[in-house]
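This report refers to the structure that appears directly beneath it.
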Amino acid sequence: SFTMNMYLFVYDLMQFCGHSWIFTNMIVRFMTFGKDSLADTFHSIGLVMRLCQLLSVLEILHILIGIDKSRLLPRFLQITERIIILFVVINSQEEVQGKSVVCVLFFLWNLLDVVRYTYNMLARMGIYYLPLTWLNFSLCILLYPLSVLAK
């Protein structure tokens, strides 16, 4: 229905804005402060990162109630994995928060998500831009193993 499609578009837009802010912030901070920016990545973007990841739990609900046609198991595993890593490992252990691997992990997650939510928004409007479609599916294949290694 139009209402559900509009809701999903707004959801994707909110996620796109959050992940774009995180991604841009990380790049600008790295260009400004160099390697020094890695140590306090979590402190500068952690709140928005936690909000975006908590919001992503809705994607499981979207699939369960049938308004999103994605496959449940892959989304469930990805969301659960990120929630555990972000909240149980990184957020709860201050000594982990300053490690450069947190910056690498956040960079990979947000690169994937900026592309994915852009693709989703356009697809909900019936727009399929071939290079973006290719990038959306190719980045997952390339970057997912890297993010697993970073974890």
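Yeah, the Cβs are placed from backbone N, Cα and C, and that goes for glycine too.
According to TrEMBL, the protein carries these features:
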- 7-27: transmembrane segment (TRANSMEM)
- 47-65: transmembrane segment (TRANSMEM)
- 127-146: transmembrane segment (TRANSMEM)
Tertiary contacts of the transmembrane segment (127-146), as residues 6+ beyond its ends and Cβ separation under 8 Å:
108, 111-112, 115-116, 118-119
Residues sitting near the transmembrane segment (47-65): Cβ under 8 Å, six or more positions beyond its termini, same chain?
8, 11, 14-15, 18-19, 21-22, 71-72, 75-76, 79, 82-83, 86-87, 91, 106, 113
